[in-house]
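Per Swiss-Prot, the features are as follows:
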| type | residues | note |
| --- | --- | --- |
| ACT_SITE | Asp327 | active site |
| BINDING | Arg164, Asp237 | substrate binding site |
| DISULFID | Cys204-Cys215 | disulfide bond |
| DISULFID | Cys233-Cys297 | disulfide bond |
| DISULFID | Cys400-Cys409 | disulfide bond |
| TOPO_DOM | 1-15 | topological domain 'Cytoplasmic' |
| TOPO_DOM | 35-412 | topological domain 'Lumenal' |
| TRANSMEM | 16-34 | transmembrane segment |
Amino acid sequence: MMSLTVLSPPQRFKRILQAMMLAVAVVYMTLLLYQSAYGYPGIQVPHSQVDALASEAVTTHRDQLLQDYVQSSTPTQPGAGAPAASPTTVIIRKDIRSFNFSDIEVSERPTATLLTELARRSRNGELLRDLSQRAVTATPQPPVTELDDIFISVKTTKNYHDTRLALIIKTWFQLARDQTWFFTDTDDHYYQEKTKGHLINTKCSQGHFRKALCCKMSAELDVFLESGKKWFCHFDDDNYVNVPRLVKLLDEYSPSVDWYLGKPSISSPLEIHLDSKNTTTNKKITFWFATGGAGFCLSRALTLKMLPIAGGGKFISIGDKIRFPDDVTMGFIIEHLLKVPLTVVDNFHSHLEPMEFIRQDTFQDQVSFSYAHMKNQWNVIKVDGFDMKTDPKRFYSLHCQLFPYFSFCPPR
């Protein structure tokens, strides 16, 4: 005959507590498995998260209101050479009166509406879920970055279509044809066909001056935001991009985290002085910026924070206010307004540094290269291959060094 065991109240309480702990553990493990497999496909960023950011960008500068603009010239970049460590700040005298950020429109429509539209247009529904991962106790591993996750933009102009653009199309563009877009200032049916529709006429002014540069960068940023890609990488039309190395680099970082990857061309931060009539002391802003001539990359999480401040053409307005070119304006927005530091990646290279010092046995490790023709001399890499008359910019020789299977490469 079976006997019933009567548990005392403390024993019953202990059993109930054990059952509850088991249930919590099962639910927790289920959530972890679901998160790792599916993420958060339906997530929307709350109003407060982005509105607070936009508010900070406006209100933190209201105490610095001054009276009028005083125009000043754009500073020239320092000469070539690797930046040396220096405690001295580079001081750019920029006497701007009435530096007023209260008149920068944060958003013409509610932020949630803008982000909802971005999510709907996105070809990858899981992109926005990454924004909440830092608030989760058990954060999954960063997602693997593939070539198709990257939006590569190249800034060019009509006068360089037959020279710089043609050289890129024959070389590294062939490794990223679906991911690379050229931003120019005219219609060109020939190169529109050569790029399979990847030539965008920004309607910006022609020329290499501040207004035109900021206009094109603004267009690049807006097109990226609509693309749904995880990474935005900007390059100039005198850059050679080592596409596999770029993918490998970005795979080391998560697009869900605020990343500003690039390389400065100066050895210390840029300092802008703001003169005020209302105070006895000058205001100053200090920040780093990645030089556009070497290329730089932004994570999607960071660009979404930039959206209310610089999206929809507002990038141009900020460039007009500080009166600096596009790459400096980008650094001002990211480092100064959003307080996201530049992460220096030495594998980016611009024509402002001597190319000959990049060793041939390290070519496969570099992300970008460049060239320049100054004072009747070429600033180019030293690489075996075609002669200087055939390949003065050394891009064909470099390409064949990295990818010898291309048809125009000489047999080894």
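Cβ atoms are placed via backbone N, Cα and C, with glycine included.
Feature map: annotations from Swiss-Prot on the structure.
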{"residue": "Arg164", "record": "substrate binding site", "Cβ contacts under 8 Å, 6 or more apart": "Thr156, Asp237, Asp238"}
{"residue": "Cys204", "record": "disulfide bond", "Cβ contacts under 8 Å, 6 or more apart": "Asp185, Ala212, Cys215, Lys216, Ala219"}
{"residue": "Cys233", "record": "disulfide bond", "Cβ contacts under 8 Å, 6 or more apart": "Ile150, Phe151, Ile152, Ser153, Leu246, Leu250, Gly295, Phe296, Cys297, Leu298"}
{"residue": "Asp327", "record": "active site", "Cβ contacts under 8 Å, 6 or more apart": "Met217, Phe289, Ala290, Thr291, Gly292, Gly293, Phe296"}
{"residue": "Cys400", "record": "disulfide bond", "Cβ contacts under 8 Å, 6 or more apart": "Gly385, Phe386, Phe406, Phe408, Cys409, Pro410"}
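Every protein chain considered, the tally of other Cβ atoms within 10 Å of the Cβ of Asp237 (substrate binding site) stands at 18. In the shown protein chains, 21 other C-beta atoms lie within 10 A of the C-beta of Cys215 (disulfide bond). Of the listed disulfide-bonded residues, namely Cys297, Cys409, the sparsest Cβ surroundings within 10 Å are found at Cys409.
DSSP assigns Asp237 (substrate binding site) to coil in the three-state reduction, outside any helix or strand.
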